[in-house]
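Below is one structure, written out as structure tokens; the observations come after it.
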Amino acid sequence: MSENSTFSTEDSCNSSYKPHASNLRRAGKTCSWASYMTNSPTLIVMIGLPARGKTYVSKKLTRYLNWIGVPTKVFNLGVYRREAVKSYQSYDFFRHDNEEAMKIRKQCALVALEDVKAYFTEESGQIAVFDATNTTRERRDMILNFAKQNAFKVFFVESVCDDPDVIAANILEVKVSSPDYPERNRENVMEDFLKRIECYKVTYQPLDPDNYDKDLSFIKVMNVGQRFLVNRVQDYIQSKIVYYLMNIHVHPRTIYLCRHGESEFNLLGKIGGDSGLSVRGKQFAHALKKFLEEQEIQDLKVWTSQLKRTIQTAESLGVTYEQWKILNEIDAGVCEEMTYSEIEQRYPEEFALRDQEKYLYRYPGGESYQDLVQRLEPVIMELERQGNILVISHQAVMRCLLAYFLDKGADELPYLRCPLHIIFKLTPVAYGCKVETITLNVDAVDTHRDKPTHNFPKSQTPVRMRRNSFTPLSSSNTIRRPRNYSVGSRPLKPLSPLRALDMQEGADQPKTQVSIPVV
């Protein structure tokens, strides 16, 4: 793959359509209005010296965006480099005067960007995170040129850190176990990696918000969230990214998640409602109090929902707690306080629909798991800001929270096993979350329903509906359209019904066209 073929510039715009002059930025004769379309994919470009937490931010941000339903993927340049150079020798590979290595590193960047393009155009990706140092203006300009040619938005995230303790801790926690350093002792790894950082410092050009980079969209994160500098945020997604990055921290803490004690409705097999604790539920609450006292957790906060069963569980702890309405259990609408057998008898169609696509299914007059994720987003933001915390919630709520911390997709989320009287201890680590389950030896009923094993033919899959408004969410016969209009061309006109039918039935349609996802 050559550089010229990767970043070719279109020679002319569509001759049959001449748009009026506008004040939009243009690159040569290329019409660039498409890069400002609201639904254009966004390329997040990380910037910073090694050991500044770029990969930590990349993975965490990707996990959050996927959780809220925005298809996102990380492209780590280190992975591409290790594919190209199988054996890492020393920091000499990163010297700016090592011409052969510089060519390899640039070629790896080009290959990664081509994969970004394929992800956007062929896999319906919405956001790609380009995880690399990108410390020179030359490299960043190359990325900007690539994005303009393909009508992608660009948002830079620069991580700046001058705290030697933070840098050293990052090297020891993450880099010692890096594939670059197999079977090496810590002292040698630290020495080599510090020299690698010095190689990057020679050519490092930070973002310049006052002059050279004043027109770019970016956020500078200084000393792991001590200060922030935000410049020219373009859209809703970028504002959400900024808000998220301003809430996360890296201080050690533990998050405890558990459901309320067994309730009277749990014993009857009923869903929803606002029943109190059973005898065994009260036993669990006392066992939970004893467990927390033994742990001697400093400055522990306790959150509950506003439903009776979580409040009664927290009351037994003898500590201050906060009630959150948004932690209430999923709203089952007309099915509240019914057993699954009763739902199947009274609403057989609804029962079958929920089994087909549990994440998207919305109870009539109630909520779906997708709705619940949106409702819980403020909880995630606050959890990211907190220290040690215990959240006493409900089965569906706990599934959503666990899916965020464990990076589980929409298919897995509604079927995560969250038993009664089990505590999940989550400890954030470098690139993920360590999970421990703690049993307090108090019996309880099993409220888990496994995923149905039967498969429905696509021809039998109904149109998904908003159950309380009967507004279609999507059609099983989606008309496929190009992800983005080609640069310089007239936006496609709406299809007539006959033409739409032709497109659905025709066998000669382009294979690379994809439907436009709604975010």
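Any Cβ shown, glycine's included, is placed from N, Cα and C.
Worth saying up front: this structure is predicted, and the values here are computed from it rather than measured.
What Swiss-Prot records for 1-22 (among others) is region 'Disordered'.
The region '6-phosphofructo-2-kinase' annotation in Swiss-Prot covers 2-251.
With a 10 A radius on its CB, D131 (active site) counts 25 other CB atoms from all the protein chains. The annotation active site is assigned in Swiss-Prot to D131 (among others).
Look at C161 (active site): DSSP puts it in coil. Residues or ranges marked as active site by Swiss-Prot on the basis of sequence analysis: C161 (among others).
All protein chains shown were included, and the count of other CB atoms within 10 Å of the CB of R259 (site 'Transition state stabilizer') stands at 29. Feature annotation from Swiss-Prot assigns site 'Transition state stabilizer' to R259 (among others).
If you look up Swiss-Prot, you'll see H260 marked as active site, tele-phosphohistidine intermediate. When secondary structure is read from DSSP and collapsed to three states, H260 (active site, tele-phosphohistidine intermediate) falls in the coil class. In sequence order, L277, G281, L307, R309, T310, Q312, T313, I392, S393, H394, L420 are the residues of the chain that are 6 or more apart from H260 (active site, tele-phosphohistidine intermediate) and have a CB within less than 8 Å of its CB.
Sequence-distant contacts of N266 (site 'Transition state stabilizer'), defined by Cβ-Cβ distance under 8 angstroms and a gap of at least six in the same chain, are S278, G281, L420, A444, V445, T447. N266 (site 'Transition state stabilizer') carries a helical DSSP state (H, G or I). Among the features that Swiss-Prot reports, site 'Transition state stabilizer' is placed at N266 (among others), with the record citing similarity to another entry.
For E329 (active site, proton donor/acceptor), the same-chain residues 6+ apart in sequence whose C-beta sits under 8 angstroms from its C-beta are G272, S305, L307, S393, H394, Q395, A396, V397. Look at E329 (active site, proton donor/acceptor): DSSP puts it in coil. Feature annotation from Swiss-Prot assigns active site, proton donor/acceptor to E329; the stated evidence is similarity to another entry.
Marked as site 'Transition state stabilizer' by Swiss-Prot: H394 (among others). Around H394 (site 'Transition state stabilizer'), taking its Cβ as the centre, 21 other Cβ atoms fall within 10 Å, counting all chains.
Residues or ranges marked as region 'Disordered' in Swiss-Prot: 448-493 (among others).
Look at Swiss-Prot and you will find T471 (among others) tagged as phosphothreonine.
For T478 (among others), the entry in Swiss-Prot reads phosphothreonine, with the evidence type similarity to another entry.
Summarising the annotation, Swiss-Prot assigns region 'Disordered' to 500-519 (among others).
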Point to revise | Cβ-Cβ neighbours of C161 (active site) (radius 10 Å) | key: 18
